[in-house]
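J.: The structure under discussion is supplied below as structure tokens; questions concerning it will follow.
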Amino acid sequence: MATRATLLISAILALSCFRAIASDPSPLQDFCVVDKMSKVRVNGFPCKDAKDVVAEDFFFSGLQMAGNTTNKQGSAVTPVNVAQIAGLNTLGISLARIDYAPYGLNPPHTHPRATEILTVLEGSLYVGFVTSNPDNKLFTKVLNKGDVFVFPEGLVHFQFNYGTSKAVALAGLSSQNPGVITVANAVFGSKPSISDDILAKAFQVDKKTIDHIQAQF
């Protein structure tokens with residue numbers, strides 16, 4: 001009897017742990033295509049009637065086109081998540097094309113709901129991520145065409161094209177809607193702004209420096 005109880009408790013704990021580490025809830029049907037007309041708000045999106053689902057709900061065209069990298073960072077992300085493919089709803093996966101101009105940067109950012117796996121299609125990239133407090137250890141690697149690197153869920157990471165020619169990468173993410181928090185934008189470009197007293201103390205610089213940085217956002 002004790003053995004059965006132990007096994008039952010172990011099974012419950014295992015299922016609880018699996019649920020806790022899953023990025024998105026597991027689907028309970030073949031698909032749940034987003035009903036864009038519904039006014040219902042849930043964690044995710046409501047499903048439209050299966051009889052109204054068409055092949056276009058699972059389709060996206062355009063990743064062959066380079067993104068516009070004429071910006072301050074010299075990079076462009078073309079996402080393909082549930083916003084672009086309604087059929088991704090509840091499937092727990094998405095991807096993105098990332099284009100980099102020479103010396104272009106995909107700046108330090110996090111995906112709060114997804115692990116990212118990135119492969120270089122063209123050029124070379126210097127990539128890295130930082131572990132959480134208190135260690136804040138930096139892991140970096142130079143990637144060439146065909147190389148793959150993983151950024152663990154929620155950790156700050158970046159990619160930099162240190163070369164004189166363009167680079168292209170494809171990223172897979174373990175969520176239909178991974179989200180992105182660009183660190184500099186969130187800290188210095190929030191609306192309303194975070195008090196410069198707070199940021200000056202956090203970064204151990206004077207308020208004039210903080211004001212100058214905030215003005216860039």
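Each position is counted from 1, following the chain as shown.
Every residue, even glycine, has its Cβ placed from backbone N, Cα and C.
The annotation oxalate binding site is assigned in TrEMBL to Asn106, His111, Glu116. For His109, His111, Glu116, His157, the entry in TrEMBL reads Mn(2+) binding site. Feature annotation from TrEMBL assigns disulfide bond to Cys32-Cys47. For 61-211, the entry in TrEMBL reads domain 'Cupin type-1'. Feature annotation from TrEMBL assigns signal peptide to 1-22.
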J.: Enter the number of other CB atoms within 10 angstroms of the CB of Cys32 (disulfide bond).
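T.: Around the Cβ of Cys32 (disulfide bond), 22 other Cβ atoms lie within 10 Å.
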J.: Near the Mn(2+) site, what residues other than His109, His111, Glu116, His157 in the same chain have a C-beta no further than 8 Å from the centroid of the listed C-beta atoms?
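T.: Checked against the 8 Å cutoff, the neighbours are Thr110, Ala114, Phe129, Phe151, Leu155, Val156, Pro178, Val180.
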J.: Inside 10 Å of the Cβ of Glu116 (oxalate binding site), count up the other Cβ atoms and send me the figure.
T.: 23
J.: Among the binding-site residues His109, His111, His157, whose Cβ has the fewest other Cβ atoms within 10 Å?
T.: His109
J.: Could you list the residues of the same chain, at least six apart in sequence, whose Cβ is under 8 A from the Cβ of Cys47 (disulfide bond)?
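T.: Once residues fewer than 6 apart are set aside, Cys47 (disulfide bond) is near Gln29, Phe31, Cys32, Val33, Val34, Asp35, Asn89.
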J.: Given His157 (Mn(2+) binding site) and Asn106 (oxalate binding site), what distance in Å do their CA atoms have, once rounded to a whole number?
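T.: Between the Cα atoms of His157 (Mn(2+) binding site) and Asn106 (oxalate binding site), the distance comes to 9 Å.
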J.: Between 0 and 100, where does the mean pLDDT of the domain 'Cupin type-1' (61-211) sit?
T.: 96
J.: Under 8 Å Cβ to Cβ from Asn106 (oxalate binding site), same chain, six or more residues apart: give me those in sequence order, or none if nothing qualifies.
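T.: Sequence-distant Cβ neighbours: Gln73, Ser75, Val77, Ile98, Tyr100, Phe158, Gln159, Phe160.
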